[in-house]
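**Student:** The structure that follows is given in the form of structure tokens.
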Amino acid sequence: MKNSVSEQSFYIESEDEDEEKELNKGEDDGNDSDSSNYSNDNRQQSKPNSLNTTWPQSYRQSIDLYSSVPSPSLTFLGTPTLSRLSSSFLSSSLTRRHTPEILPCAAKPLLPPVEDEQQPQQRRSSRSLLPPHPSRKSSLRKSTKVLHELPVSRQSSYGQAVVNGMNVLCGVGILSTPYAVKEGGWVGLSILFIFAVLSFYTGILLRHCLDSQPGLETYPDIGQAAFGTVGRFAISIILYAELYACCVEYIILESDNLSSLFPNAHLNLGGYELNSYHLFALLTTLAILPTVWLRDLSVLSYISAGGVIASILVVICLFWVGLVDKAGFQSKGTTLNLTTLPVAIGLYGYCYSGHAVFPNIYISMEKPSQYPSVLLTSFGICTLMYAGVAVMGYMMFGESTQSQFTLNMPQDLVASKIAVWTTVVNPFTKYPFSIAPVAMSLEELIPSNHRKSHMYAILIRTALVISTLVVGLSIPFFGLVMALIGSLLTMLVTLILPCACFLSILRGKISQFQVSVCILIIAVGVGSSIFGTYSALSKIIQSLNS
């Protein structure tokens with residue numbers, strides 16, 4: 001290898017450089033034939049594919065934070081000691097610079113070969129290449145073999161892949177589906193099922209793009225293969241913008257629900273009074289801030305994986321309040337509302353914003369052939385949950401339905417309290433995983449002579465969190481912001497770009513029917529994006545001026 005690990009990692013301790021260089025030298029001399037062959041194969045394959053190491057290099061490991069959250073299992077946990085678990089917290093995270101966010105293989109080309117010598121039929125997952133602990137030279141040398149063995153133990157099963165898919169799809173969007181029915185009417189609910197079918201199909205298209213040539217592993221990789229470096233940059237920026245916007249939504253969500261629980265809370269700061277909404281937005285930001293400083297997010301990974309359980313629990317609470325506690329059911333609702341239908345389009349589109357993670361889920365699967373079935377199961381379960389909540393919520397609250405149905409639920413009921421507090425707790429674990437990819441991409445832009453200092457990373461992450469607070473306080477409209485994200489960004493990521501990349505990469509190899517279907521989906525995505533974005537922006541401006 002020409003570049004040592006220390007030249008590519010974001011944070012690396014100088015005392016470890018000699019050990020790593022010695023290890024790399026040993027690999028180059030052929031001491032580890034597997035690693036040497038792997039590097040040679042990389043160099044050979046990078047030339048014909050013209051896929052160079054370009055920004056963002058951190059995309060794979062950052063998005064793997066989503067796709068690598070498995071359902072709890074003893075084989076994944078291993079036998080961690082108490083000290084090992086405690087080392088994941090803030091004190092260690094700011095001083096120990098070898099972390100799951102930084103891969104020791106960063107000196108290798110960004111797009112490794114698809115096939116492994118020991119597993120010719122399976123893709124090598126980037127998240128399997130976790131850094132060894134640089135305590136001793138002997139352990140560092142032994143780690144080269146461990147790195148090649150990790151893909152077997154860390155590949156996800158069918159069930160884990162389904163859980164990961166549901167964890168990505170079934171997020172805070174489920175809270176706004178009753179509001180979407182209010183905005184679009186009962187007929188507008190059909191848009192949810194249309195988007196489900198189209199999104200499932202474009203998820204399959206991403207798989208065909210990944211299989212089209214060796215080395216493709218992520219969405220930006222697909223963009224680079226389809227449209228060159230410009231495509232990689234454009235797709236990466238869109239994906240990061242979507243993640244950043246989701247973090248803004250989390251701030252608004254926390255403020256809305258906590259201020260509904262404690263409406264009389266307020267605070268005086270130097271003559272300036274903070275009402276309950278502003279107070280809880282500030283407190284939420286202060287509570288979240290230490291979690292984004294963590295370089296090792298494994299502490300939060302299992303809690304974040306409980307997002308599926310949290311969504312199911314909130315759904316159960318809604319049905320309990322409606323069917324057991326007999327709350328609501330006062331309105332039949334409207335059949336179709338054309339004036340606000342574009343807002344409903346954006347809200348329904350937001351529900352299927354998981355395509356950024358689908359490629360990572362695919363390459364991490366033990367049996368990639370099961371990927372269509374995994375998508376079908378994940379989309380099917382999530383769509384049924386979305387539709388059930390939409391129907392039940394709108395039937396219960398009618399035209400008084402708010403942007404989050406938890407705000408409509410009677411606060412004196414136990415089920416309502418469970419739903420609200422579950423909604424409040426969940427974003428605290430989701431926020432760090434959403435902002436981490438954005439932060440890591442910006443950290444790549446730090447000058448190389450300053451990358452050893454972790455203070456720059458802390459400043460970047462702190463600035464990002466504060467900026468989400470400012471945006472959340474400036475545009476405190478949960479439903480309208482969600483509609484804007486769903487119309488402007490999710491339509492691009494979910495419908496337009498997968499079809500465009502598929503047509504570009506596989507042109508001349510697909511049937512005319514497939515071309516026609518892709519063009520139709522692009523047209524639907526463009527139309528929905530234009531009308532939804534215009535409607536959401538106009539309503540936001542109108543709300544700000546009122």
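Placed from the backbone N, Cα and C atoms, the Cβ positions cover glycine too.
OK, TrEMBL features for this one:
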- 1-11: compositional bias 'Polar residues' (COMPBIAS)
- 33-42: compositional bias 'Low complexity' (COMPBIAS)
- 43-55: compositional bias 'Polar residues' (COMPBIAS)
- 119-130: compositional bias 'Low complexity' (COMPBIAS)
- 134-143: compositional bias 'Basic residues' (COMPBIAS)
- 155-536: domain 'Amino acid transporter transmembrane' (DOMAIN)
- 1-55: region 'Disordered' (REGION)
- 107-143: region 'Disordered' (REGION)
- 186-206: transmembrane segment (TRANSMEM)
- 233-253: transmembrane segment (TRANSMEM)
- 277-294: transmembrane segment (TRANSMEM)
- 299-321: transmembrane segment (TRANSMEM)
- 341-362: transmembrane segment (TRANSMEM)
- 374-398: transmembrane segment (TRANSMEM)
- 454-475: transmembrane segment (TRANSMEM)
- 481-505: transmembrane segment (TRANSMEM)
- 517-537: transmembrane segment (TRANSMEM)
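Walk me through where these features lie, including what they touch and how far apart they are.
**Tutor:** For the transmembrane segment (186-206), the residues of the chain that approach it from at least six positions outside its boundaries are 177, 180, 219, 222, 333-337, 341, 344-345, 348-349, 351-352, 354-355, 358-359, 362, 372, 375-376, 379, 383, 386-387, 390-391, 494-495, 498-499, 501-502, 517-518, 521, 524, judged by C-beta separation under 8 angstroms.
Remote same-chain residues near the transmembrane segment (277-294) are listed as 88-90, 93-94, 251-252, 254-256, 258-259, 262, 265-267, 300, 428, 431-432, 435-436, 439, 458, 461-462, 464-466, 468-469, 472-473, 476 (criterion: CB distance under 8 Å, separation of at least six residues from the stretch ends).
Note on the transmembrane segment (341-362): residues 60, 63-64, 66-68, 123, 125-127, 156, 161, 164-165, 168-169, 173-174, 176-177, 179-181, 183-185, 188, 191-192, 195-196, 199, 202-203, 206-207, 210, 216-219, 221-222, 239, 242-243, 368, 371, 374-375, 379, 382, 386, 479-480, 482-487, 489-491, 493-494, 498, 528, 531-536, 539 of its chain, located 6 or more positions outside it, place their CB under 8 angstroms from a CB of the stretch.
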**Student:** Answer with yes or no whether the transmembrane segment (517-537) touches the transmembrane segment (454-475) by the criterion of at least three Cβ pairs under 8 A, sequence separation 6 or more.
**Tutor:** no
**Student:** State the non-local partners of the transmembrane segment (233-253) in its own chain: residues 6+ outside its ends, Cβ under 8 Å from one of its Cβ atoms.
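**Tutor:** Answer is 54-56, 59, 171-172, 175, 219-220, 222-223, 227, 281, 284-285, 353, 356, 404, 423, 427, 430-431, 434-435, 437-438, 441, 464-465, 468-469, 471-472, 475-478, 481-482, 484-485, 489-490, 492-493, 497.
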